[in-house]
Amino acid sequence: MEALSRPIKQTLVLRPRTSHSDHALLPLRSLKNPKSNLTRTLRSVDAKARTEKHVSTAATIDYSDPGWKEKYQKEFEARFSIPHITDVIHDAVSYPSTFCLKMRTPLSPDFTNGYPTDEEWHGYINNNDRVLLKVIHFSSPTSAGAQCIDPACTWVEQWVHRAGPREKIYFKPEEVKAAIVTCGGLCPGLNDVIRQIVITLEIYGVKQIVGIPFGYRGFSDSSLAEMPLSRTVVQNIHLSGGSLLGVSRGGPTVTEIVDSMEKSGINMLFVLGGNGTHAGANAIHEECRKRRLRVAVVGVPKTIDNDILHMDKTFGFDTAVEEAQRAIYSAYIEAHSAYRGIGIVKLMGRSSGFIAMQASLASGQIDICLIPEVPFNLHGPQGVLSHLKHLLETKGSAVVCVAEGAGQDLLQKTNATDASGNVILGDIGAYIQQETKKFFKEVGVPADVKYIDPTYMIRAGRANASDGILCTVLGQNAVHGAFAGYSGITVGICNTHYVYFPIPEVITEPKVVDPNSRMWHRCLTSTGQPDFI
Ligand SMILES: Nc1ncnc2c1ncn2[C@@H]1O[C@H](COP(=O)(O)OP(=O)(O)O)[C@@H](O)[C@H]1O
Ligand SMILES: O=P(O)(O)OC[C@H]1O[C@](O)(COP(=O)(O)O)[C@@H](O)[C@@H]1O
Ligand SMILES: [Mg+2]
């Protein structure tokens, strides 16, 4: 039995998927052997491409083979095909959907008279609908932010599955017991997603909906009872931050979780969380398959850091950037009002600097933005401290925005981890504050240094309007995905369209800021900072 609190890389088994007959795009049908060497090679090529912008894959793909592009696209289709309960439960039958916005009168409680309306309604998603994952045709590997598959940066179409309600569903609503669990740290919007999942489940006709208290822990702790949920219970929960259900890190084993689900009769599980939670969700999905349970496990990515692969953004991120403005503004006012003032703001971002970068850009008050993806020196003639001295001499004050994962190489490592196995980072903000004070004392010039860490104030807030809408669409699509019979999937927004991804594809590594991207360059233009190397 394996505990849940392990580093993701040890747990993830990237497995082949079989494709459900009516949801494969016809020209790109799954390969007979999706676990071929080519699959593995291309996966690593693609991962490398994400971090290095362009790749030389001559050693792994034979570009002289006129069919290389078609092979790549087939492999891609296999990788991004979404698991379906009929992959293992071959006799699972489908029913006409009970989700039809032409039938908004309350549905009969037991559906004994059959399912609503056979009339044609053009509100469903076809299983073969797809969304393009990449929309830019880079004509050269040197183009800003270019991600290329071959050295010539050829245009290769990469399609992913469109999210939304299907005409056929694989669960009878009266036989569904749906559960929702929220794991990891807080993030604005959790309550909005819970609310939408409950409301949409009720529209399908589900009567048994429960919340699992305090993350995965709620599956094993007998003192924590399931929380019954309904539209009445969730009606106003989005007006508060946090999670109605509570959150936690660490927790029971996958076996314990699935045992508990079986005991309680849960056959739809909605899992709200980040990369760790999704690794857990995928393990639960795999265990359900192993036991041949007719269960749908669907994730909704929750990461304030916006560090999940392939998605335009995750909920809570916009709110975090907006809330960060208040901290930055306070730091600016403190610095500007002091004699030779320096304000330092630390923002969230364990491995990705999206919040720091966007908050810096939005505020226009940041002189130095430091993110995990871009190494920097603090000391020395090119270092941050020398630049701060220059800023005090030329502007009279300065404001620094640092992401929590930045400059970890400058801090002493502790190897400490939290209950989920995440490395506990050193406090880079406090370190910069101390070193700044020390530096100005040593050079014998005054500096008034103020440090603000708004992390928990930001995390605990309620979602802003744009995140509220994102949560609404994601929550609704999670329910549509489960009813359509998909499992081991997560929902996301991709090039402004909503899609389903197989979970492993979005958590192989964190999404990071590309230091060669236009957005990072815009940030540098805005701050006017030099390279600190
Ligand atoms: N590799 C993993 N496999 C299975 N479960 C995991 C894994 N990593 C984390 N978890 C579980 O997922 C939950 C949330 O993980 P955590 O890393 O704290 O937050 P997040 O989901 O936001 O990354 C915890 O209960 C943790 O035990
Ligand atoms: O104090 P906690 O709960 O461990 O959370 C701190 C961490 O949570 C985060 O907000 C991220 O949370 P997740 O791991 O849930 O995405 C980090 O930015 C921060 O380091
Ligand atoms: Mg995480």
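The backbone N, Cα and C atoms fix where each Cβ goes, glycine too.
In TrEMBL, annotation is done automatically, which means it is predicted and not curated.
The Mg(2+) binding site annotation in TrEMBL covers N275. Other C-beta atoms found within 10 angstroms of the C-beta of N275 (Mg(2+) binding site) number 27, with every protein chain shown included.
Other Cβ atoms within 10 Å of the Cβ of E404 (substrate binding site) number 24 in total over all chains. Look at TrEMBL and you will find T303, I304, D305, M348, G349, R350, E404, Y456, M457, I458, R459 tagged as substrate binding site.
Residues annotated as domain 'Phosphofructokinase' in TrEMBL: 178-480.
Residues annotated as site 'Important for substrate specificity' in TrEMBL: G276. According to its DSSP assignment, G276 (site 'Important for substrate specificity') is helical.
For ligand 2, the nearby binding-site residues are T303; that is, of N275, T303, M457, these have a C-beta under 6 Å from one of its atoms. Each residue contributes its Cα atom, and for N275 (Mg(2+) binding site) and M457 (substrate binding site) these two points are 22 Å apart. Each residue contributes its Cα atom, and for M457 (substrate binding site) and G276 (site 'Important for substrate specificity') those atoms are 23 Å apart. Ligand 3 lies under 6 Å from the Cβ of N275, G276, out of the recorded positions N275, G276, D305, G349, E404, R459.
Cβ contacts within 10 Å of D305 (substrate binding site), excluding its own Cβ and spanning all protein chains shown: 29.
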